[in-house]
Amino acid sequence: MLNYKKWTQPPNSLIKSIKASRAAYRRLGNSGLLVSNPILGGMHIGDPRWYDWVLDEKDSIALLKAAYDRGINTWDTANIYSNGESERIMGRALRSHNIPRSKVVIMTKCFRAVTDPDVDGDIGSSTAFFPDLTRQSKDYVNHCGLSRASVFQQVEASLRRLNTDYIDVLHIHRFDHHVPPEETMKALHDLVQMNKVRYLGASSMWAHEFAILQHTAEKNNWTKFVSMQNHYNLLYREEEREMIKYCNLTGVGLIPWGPLAAGKLARPPDGKASTFRAINGGAYKDHNPAESEQIARRVHQIAVSRGVPMSHVALAWLNKRVVSPVIGLSSVERMDEVLDARALELSDEEESRLEDPYKAQPPQGHS
């Protein structure tokens, strides 16, 4: 007869593991997959020759190990980050620290072209950001976009760089206007059936484009997207008009990028930016700088009154509305700061103060 009293207390090893897990874990949309909050953004992982704010391999691997040790088990990257070096370093981090593959959720993306080192040896090359030109090149045709040929080629290349058999969540980086939705969604579905990809997601596009792709998958009984990685923070809320409503209604998990607006929501408005990326405000133009400064000042005021960093206030507002933000971290100190943000809850009055100055602006980042 079994002695069930033996199992009335959890083992010490489990308690120890929970104490070390400083991240929270949340369901990704209607899927059963749990992802960490926060998600570690991989754009900072790679080679500083691509952008000056990117960490080199040694510092990148140290950061990834620190993330794993703290329970940040979800790592987001893309094939184009540091022209593939971000993916390679993530794979090396797993091997060098003997991290079991099954204990990390790896997200990557396909759509843009990765610079071919046999064509251009400069890792800082920006081939990815000229999609119309890459379609005219003998070296890049069928190596970008979302055709069946391109999707398969890009995923196989990512698997080699990551040195893994599967990708946990594959995001399409943008919508492809040159390829029928049926071709893209069938290719993605087949990758899932082949167990090379386990879940599908999408990033930054118009809500109607995302709905078209989801409907295409649904009517054909193909794999649907479980996540949307869109641009969303206190300074850019245009996604609230359509995309966020659609995702919430249909069970798609929101994992936004740029949660701290390239650092604008993490330092006082009069503070000095420390990187080229922060100095130039990130990838997109701020159409309402006066309103953005007012919001940032209010974030700072609430942070001072609460005795916490500004990032805690910005993330407390966002975490209430999404599954998990994708955050690019440049140091272990910043990582610990972000992890400590879990404890803060804003009052309704504080949230209203943060939201009131916002002014509508043209949508950005969908192409």
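Keep in mind that glycine also has a Cβ here, set from the backbone N, Cα and C atoms.
As recorded in Swiss-Prot:
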type: BINDING; residues: ASP76, 203-204, GLN229, 258-268, 330-338; note: NADP(+) binding site
type: ACT_SITE; residues: TYR81; note: active site, proton donor
type: BINDING; residues: HIS173; note: substrate binding site
type: REGION; residues: 346-367; note: region 'Disordered'
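With DSSP states grouped into helix (H, G, I), strand (E, B) and coil, the region 'Disordered' (346-367) comes out at 8 helix, 0 strand, 14 coil. Taking the C-alpha positions, the distance from LEU260 (NADP(+) binding site) to TYR81 (active site, proton donor) comes to 19 Å. All protein chains considered, the CB of the residue listed as 'active site, proton donor' has 27 other CB atoms within 10 Å. Put simply, of the binding-site residues GLN229, GLY263, ALA266, GLU333, ASP336, the one whose Cα is nearest the Cα of HIS173 (substrate binding site) is GLN229. Here the C-alpha separation of ALA266 (NADP(+) binding site) and TYR81 (active site, proton donor) works out to 23 Å. Mapped onto three states, the DSSP output places GLN229 (NADP(+) binding site) in strand. Between the C-alpha atoms of GLU333 (NADP(+) binding site) and TYR81 (active site, proton donor), the distance comes to 23 Å.
Between the CA atoms of ASP336 (NADP(+) binding site) and TYR81 (active site, proton donor) there is a gap of 24 Å, rounded to the nearest whole number. Under the three-state DSSP scheme, TYR81 (active site, proton donor) falls in the helix class.
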